[in-house]
Amino acid sequence: MTTMLLFPGDVVPELPTPQKTNTALKVGPGLTYTPPDKVVAHRVGELHVDDRKCAVWMEGNGKRYIPSLNDAVIATVLRSTSDSYILAIPSSTSPAPASIQALLPHLAFPQATKKTRPILHPGCTVYARVSLANKHMDPELECYDAESQKAEGFGELKGGMVFNVSLGMARRLLGDGKKIRQLQLRARKAEGTEAEGGEISNGMEVLEELGRVLAFEIAVGRNGRVWVDSEDTKVTLCVGSCIQKSEYLTGDEQRALVREALRKL
Amino acid sequence: MVSSNAASIGFLPRADGSGSFVSGRTSIIASVTGPMEVRIRDEHPQKAHVEVIVRPAIGVTSTREKYLEARLLSALKPLILRSNHPRTLIQIVVQVVQTAGTDENASTTLLLLAPAMNAAVLALLDAAVPLKSVLAATTVAFMKGSGGVVVEPGLDELKNSASTHVLAFTSTGQLGFVESDGEFEYEDFERVVEAGRGVCSVEQKGHHAMDTEAKYHAVGELIRKIMSQKVEMDMRWRA
């Protein structure tokens, strides 16, 4: 698959045509839609087109996080008001006080009532889901899964350490790289060049490789924060530094990095 | 003579985006932070507030820096899609590292403008701030007597010039910014614009145009090259 580099102001040359009549074109991040049929890039990145889902988006990397709906983020509690907590959603570069503030209602926890709500103190680290994201309003968070209404891993993160990564790396750790890989494999199949071009990495080999040997807990926030906890501080630090170092590494290089780190551990 | 240009991005770890631009003996770095929390008095309900701060190489901020701030703001503000991030602040800090001349006359100040604009644009691109287009800037001098046009002049050429022009072009080749100093005829100005457009084009060119000479890069090509290197690096994991 030949990927295309777009600059701000460049028009997307070929848009996928909906295969079913009732599907609409999905325009993803980095692109602006101008009716009737013009889609223009507004930042530098690679253009990705998914014909099956009829979607176009720009793949790039950044440091500043902008909240969007249903993103899992790692936030810090600043203070509590009468009915909600005020949290800061830090980006990978910005310290917590200088970042976007979000609201986490006291009742936005699984089975929470006025009397049984979890108490969060200022400075707590919380894994939460963005339940309201709108450029005109402050974002709101929730600590339960939208479908099952259960915690599903959301809530206060006790102990452990938080590491900073770029936004692109955070997305990859959450499995977005796998989707891009699928897309490329499909494109190769269509062109009949499956055997050529070698292996395509999914960008999270580092995590797969670490998980095979070490025992640790991990939570990845789309705001570029990764929380790691384990029985041994050495393991926590090893996992964190491996993830930070594998930012620009290919799949094979990531595996080699982990092998090396495990040998030293 | 066209002076050698060099650029780089992403070297400041605490900023959201950073860019540097070196043109001849002028060297500038710029950083972009944002969209972030805005001061209440600057808050705009529909748009992002854009702030440009210019810091001198030596000494404290004077009228010269304020002049550069105003010029940069007028060029960069229309470039940013401000309505995408209402009630926020996008802060651009431009630090002068090295200047070509020591005397503070208008012409040497003009020599700072194009590199500062290019550094700021690179920082904006690095920070992934939503932009309408890419702006590439250059300085063009119109010489006394002979009537020759010199792109990116040095200090000596500047002294012998009748007029100096700072021009910036969008990626579609439209003139996005002009600042001129000196006396000139309209016909001369047209020639200056054509000369500037040649080096500022961000359009993709054939491969032979990219690697003719390693040292010299036209501004537009340089910006394109630096940014495509960044994207290549960001997507390296896939290989």
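Including glycine, each Cβ sits where the backbone N, Cα and C put it.
Residues annotated as domain 'Exoribonuclease phosphorolytic' in TrEMBL: B:8-130, B:135-197.
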The domain 'Exoribonuclease phosphorolytic' (B:135-197) [mean pLDDT, rounded to integer]: 91
Structural state census, the domain 'Exoribonuclease phosphorolytic' (B:8-130) (DSSP three-state): 44 helix, 38 strand, 41 coil
Tally of residues which DSSP labels helix, strand or coil - the domain 'Exoribonuclease phosphorolytic' (B:135-197): 17 helix, 28 strand, 18 coil
